[in-house]
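Taken verbatim from TrEMBL:
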ACT_SITE  Lys106  active site, proton donor
BINDING   Lys70, Lys94, Ser348  substrate binding site
BINDING   Thr190, Asn221  NAD(+) binding site
SITE      Asp146  site 'Important for catalysis'
Amino acid sequence: MSENLNVLTSTQAIIHEALNKLGYDEAMYELLKEPLRMLQVRIPVRMDDGSTKVYTGFRAQHNDAVGPTKGGVRFHPGVYEDEVKALSMWMTLKCGIVDLPYGGGKGGVICDPREMSMGELERLSRGYVRAVSQIVGPTKDIPAPDVMTNAQIMAWMMDEYSLMDEFNSPNFITGKPLVLGGSQGRDRATAQGVTIVIEEAAKKRGINIRGARVVIQGFGNAGSFLAKFMHDLGAKVIGISDAYGALHDPNGLDIDYLLDRRDSFGTVTTLFENTISNKELLELDCDILVPAAIENQITADNAHEIKANIVVEAANGPTTAEATKILTERGILLVPDVLASAGGVTVSYFEWVQNNQGYYWTKEEVEERLIKKMVDAFENVYTTATTRNIDMRLAAYMVGVRRTAEASRFRGWV
Ligand code: GLU
């Protein structure tokens with residue numbers, strides 16, 4: 001039988017198990033197995049050639065018992081409803097793990113920004129905000145960047161919301177450019193969070209980051225900054241990839257050169273002839289493997305071939321449930337997505353707090369607070385996993401879902 005690659009049903013199964021272990025009954029699972037709200041919208045966009053194209057978009061709000069929902073908006077041709085639902089549930093877990101006063105939300109639009117002009121992208125971004133405007137807002141649901149969306153897109157979205165709101169509303173969205181109320185460090189926050197948990201995981205495994213061989217799948221926002229941070233810490237980044245292929249050099253790649261040559265969507269391998277496949281990249285002999293691209297990359301088919309000592313998930317959902325089991329049984333330390341990639345939403349929260357206060361923090365203040373959040377979260381999940389003798393993913397789900405379950409109970413919902 002082939003394994004379950006549906007990210008929604010596999011997420012539901014782990015949430016179910018986590019709630020059972022925490023002592024909650026079926027009613028709690030019934031509440032948390034799907035988002036409270038899921039809006040599907042159609043967005044007409046005038047294209048540069050004068051034609052109109054109608055795009056499909058989504059916004060899912062998993063649970064707002066703890067506070068407003070929070071999470072990114074992705075622009076990708078492969079976006080689908082169940083994926084957006086699962087992504088919103090993962091945001092609930094992330095916010096729970098790093099202890100932010102939010103529930104999870106997520107949005108997506110089926111489109112390929114690589115094939116759109118800046119004008120078309122701007123009209124799509126503004127159209128998306130108008131389409132979901134009734135259910136989002138600074139105290140309801142706060143969007144942010146995700147796959148193939150960036151600070152410029154956040155700026156257009158913030159501007160559109162402000163026009164509708166007849167008020168300047170920086171706290172409507174996070175991941176904005178600095179001049180529009182963005183936070184210091186937000187652009188690199190996901191990668192910084194990943195770096196912090198890599199350092200913690202390496203300590204547990206007695207691995208010295210200096211000289212460690214690191215492989216990173218994906219060269220987008222998370223992957224590219226991470227390659228830089230690992231390189232600067234003295235690690236040897238021996239493999240990186242993008243959607244089109246991968247590069248490998250056992251002596252370490254020239255990361256600064258690659259960063260210089262990558263385009264804004266993270267494409268760089270097309271400039272080279274000696275590429276390897278993404279499959280070969282994942283199976284390279286290394287100490288630390290970081291999937292930082294998309295879902296279902298480590299599956300039952302290749303989990304036995306992974307040679308890393310530590311796998312840290314910077315992407316959302318890169319490892320299937322079956323593969324999680326195999327890696328754990330093989331003694332590989334897996335740091336799950338909902339923990340490893342929580343640095344982005346953590347600094348988004350800091351950005352929102354600064355917007356609400358109208359008072360802005362220094363880069364050092366942001367960094368210090370981020371390190372504390374991530375180190376505490378790692379320790380909490382790691383201790384839960386070892387004391388209960390469960391895998392890191394289930395431990396992270398237990399830590400992550402607990403607050404939302406408790407808040408739902410206090411509110412009398414279940
Ligand atoms: N899209 C990012 C994530 O998946 C960040 C979300 C946010 O900053 O709200 O965690």
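Yeah, the Cβs are placed from backbone N, Cα and C, and that goes for glycine too.
All TrEMBL annotations are machine predictions without curation.
A map of TrEMBL features onto the structure.
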residue	record	contacts (Cβ under 8 Å, 6+ apart)
Lys70	substrate binding site	Met91, Cys95, Leu100, Tyr102, Gly103, Gly104, Gly105, Asp141, Ile142, Ala144, Val345, Ser348, Tyr349
Lys94	substrate binding site	Gly104, Val338, Leu339, Ser341, Ala342, Val345, Gly400
Lys106	active site, proton donor	Arg59, Ala60, His62, Gly71, Gly72, Val73, Arg74, Val84, Lys85, Leu87, Ser88, Trp90, Met91, Asp146
Thr190	NAD(+) binding site	Asn221, Ala222, Phe225, Ala314, Ser341, Gly343, Gly344
Other than Lys70, Lys94, Ser348, which residues of the same chain sit close to substrate? List them in sequence order, counting a residue when its Cβ is within 8 Å of the Cβ centroid of the site.
Gly71, Met91, Cys95, Leu100, Tyr102, Gly104, Ile142, Ala144, Thr174, Ala342, Gly344, Val345, Thr346, Tyr349
For each of the recorded positions (Asp146, Asn221, Ser348), count the other CB atoms lying within 10 A of its CB, then report the residue with the highest count.
Ser348
Under 6 Å from ligand 1 by C-beta, which of these recorded positions make it: Lys70, Lys106, Asn221, Ser348? Sequence order, please.
Lys70, Ser348
